[in-house]
Each structure stands twice: as structure tokens, then as C-alpha cells.
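**Q** Submitted below is the structure of interest, expressed as C-alpha cells.
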Amino acid sequence: MTSDETLAVLIRYLDNPNPTVEEAVEVFTPMTIGEYDDVHIAALLATIRTRGETFADIAGAAKAFLNAGRPFPVPGTGVLDTAGTGGDGANTINITTGASLVAAAGGLKVVKHGNRSVSSKSGSADVLEALNIPLDLDPERAQRWFEASNFTFLFAPAYNPAIAHAQPVRKALKVPTIFNVLGPLLSPVRPEFQIMGVANPRHGQMLTEVFRELGRTRALVVHGAGTDEIAVHGTTQVWELKADGEIISYEITPEELGVERCDLTDLVGGDGVENARHMRAIFDGTGPAAHRNAVAVNAGAMFYLNSQADSLREGTAHALSLINDGTVADWLKTHEEIDYRG
């Protein structure tokens, strides 16, 4: 039951068109511990949606839920996390997930913080499970898997259980809310580097500013021709947080990345099992060029962000070489055969 004191905090926030980050932390913290009735959660989410999410809304909510979350027992220094908002409706193969595996095979430290499918046929957890990559590891075993392979998957509900307090309301509302952009910001490892794909480009600049507020050293927010990843079917909008704190924005095409343009229909996938088959085909050299290139340009951004490449184009070329010479296929074969649950 919402207390009078908590209700007063909520009302002040609902009446404030320009809240501060600190005020947002204050209003979202009761939600993380179940102090709001569902009707008050709905009022908060609907108000923010109606007036439009602000930098303070997103940064403050992220800080509140990170404070309530369970951290992963690995320092974030040198670690990269990558996730997208989803919701683009494209139902592509799991491009960002595949790119994460390429990056790990290439020596980057990658944490994939994600969930099962919400708006598509296959979420990151669905395809990784079909690739025999462990999902249900406790923190100690997940750390062991990470140290052995440079990669681990952190199942979002296990590390951010406070999100569950808002789930009934989100399901009942059946409209996008601030939580649709919040999830990727809540990485339990507090990574130094992060790439986030957004389905709605209007969030690009704001989310890059949020990454700066959350202490990321470098970050990329991308929107690729209607999808929440770097596109090989069209032009990608990029917002880049540089190491000195400057934020720049630009566009990049498949041709500038050094790959052929394709149609979005060439990238349509299926469920987790089908997308895992596509992933293996990419890595063993039997898959379509469009699939390989889509994974490579997104992995290339990871190499660029971690200063392993001087440009997105150079990063793409490096990712393609790792796929073409069998490095990624060998990496996957090695680590799917080891049982990290014991």
C-alpha cells in the first residue's frame, strides 16, 4: 500500500514537467521495493509517456533500479555490454547476439545482459540456449564461464528482480513505457563500454547522455534504418560518447563499412532454434553473405568501441576475418562442450 509520504513524493513528480535526476531517483526508488500500488505505478508511467521521457526520467530511473539490483562480481573495467530496446518489429536473426560472440572470440570481454523474447520470435536468451551456451548460472559459475571464454550471459530478471514490481501494470497498459528503454541501461556489471540499439531514433541523443551520466567511458547508441542495430540494409544513425565526454552524431552506410547492401527481408529469422542454425551457418561459412555482414558490422562496432580498431570500417574487416578464418566457429565449439554448471 502506498504510504502518505510516498504518495506525496509521487504527486510532486507528476506535477513537475522538468524533474531533476535526483527527483527521479526519489520517485522510482519506492517502485523498486514494492511500495506503490499498481494504480500509482500506472499514473507514473502514463504521465511520463504522455509528456515524453526526459533525460532526468531515464537517468534517475536507471540509478534507482541499479541501486536495487544485484551486481555481477566482475569489475566493469574493460568489459563491454550490448543490448537493444527491441520493439522494431523486424524479426531479424539475432544479429547483436551473434556479434557479441564474434567479439568474445576476438578477445573482447563481453557481457550480454538480456532476456527471452518479448516482441520478436527469438530473444538473446532463446538463441544462446539453442547454441548450448549456459543461461541459468549463479554468479560464481557465470564468472567462471566469463573468465574462461570472455563471454557470459546475465539473465536480466535474476539481476534486476525489482523490475517485477512494474510488470503487471506494464502488461495491463499494453503500450510502450519508460521500461522499454530502461532495460539495456541496467547491466549488472556496470560496463566501461556499451552499445545500445534503439528502435526509436528520438531517444538516441538522450540515451547517450544517460550513458555519460552512468559513467560509461565510451558508448554507441545506434538506429539502423528502422531497426535497433547497425544496418546493412540502409543508413544507420549513430550517437557516440567519446572518452573525453564529448557526444557526436553521424550517419554511416553499409558501403562505408565495407559490405554490400541487402534487403531487410534477407535478414528475417525465426525462433531461437532456427536463429541458432543461422548463427552456426554464419560461423562455419555456409550462411548467406547478408547474415555474415550484418553480424560483422555490429561486431566491428564493438572492436572500435574497445579501441581494437581505429574505425567502424576497420572493425568490420577484423570481424569478417575472425568469421572467415574459423576463429569464431572454433571458439563456439570449445566453449559449448564445457559444462560450467558444475
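In case you wondered, yes, glycine gets a Cβ from its N, Cα and C as well.
The annotation 5-phospho-alpha-D-ribose 1-diphosphate binding site is assigned in Swiss-Prot to Gly84, 87-88, Thr92, 94-97, 112-120, Ser124 on the grounds of sequence analysis. The anthranilate 1 binding site annotation in Swiss-Prot covers Gly84, Asn115. Residues annotated as Mg(2+) 1 binding site in Swiss-Prot: Thr96, Glu229. The anthranilate 2 binding site annotation in Swiss-Prot covers Arg170 and rests on sequence analysis. For Asp228, Glu229, the entry in Swiss-Prot reads Mg(2+) 2 binding site, with the evidence type sequence analysis.
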**Q** Fill in the CA-CA distance, Asp228 (Mg(2+) 2 binding site) to Asn115 (anthranilate 1 binding site), as an integer in Å.
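**A** That comes out at 16 Å between the alpha carbons.
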**Q** Can you tell which of the binding-site residues Gly84, Thr92, Thr96, Arg170, Glu229 lies nearest to Asn115 (anthranilate 1 binding site) in space, using Cα positions?
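**A** Sorting the binding-site residues by distance from Asn115 (anthranilate 1 binding site), the top entry is Gly84.
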**Q** Near the Cβ of Glu229 (Mg(2+) 1 binding site), how many other Cβ atoms are there if near means within 10 Å?
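**A** So the number of other Cβ atoms within 10 Å of Glu229 (Mg(2+) 1 binding site) is 30.
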**Q** What's the CA-CA gap between His113 (5-phospho-alpha-D-ribose 1-diphosphate binding site) and Glu229 (Mg(2+) 1 binding site) in angstrom, rounded?
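**A** So the Cα of Glu229 (Mg(2+) 1 binding site) lies 16 Å away from that of His113 (5-phospho-alpha-D-ribose 1-diphosphate binding site).
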**Q** Roughly how many angstrom lie between the C-alpha atoms of Arg170 (anthranilate 2 binding site) and Gly84 (5-phospho-alpha-D-ribose 1-diphosphate binding site)?
**A** 19
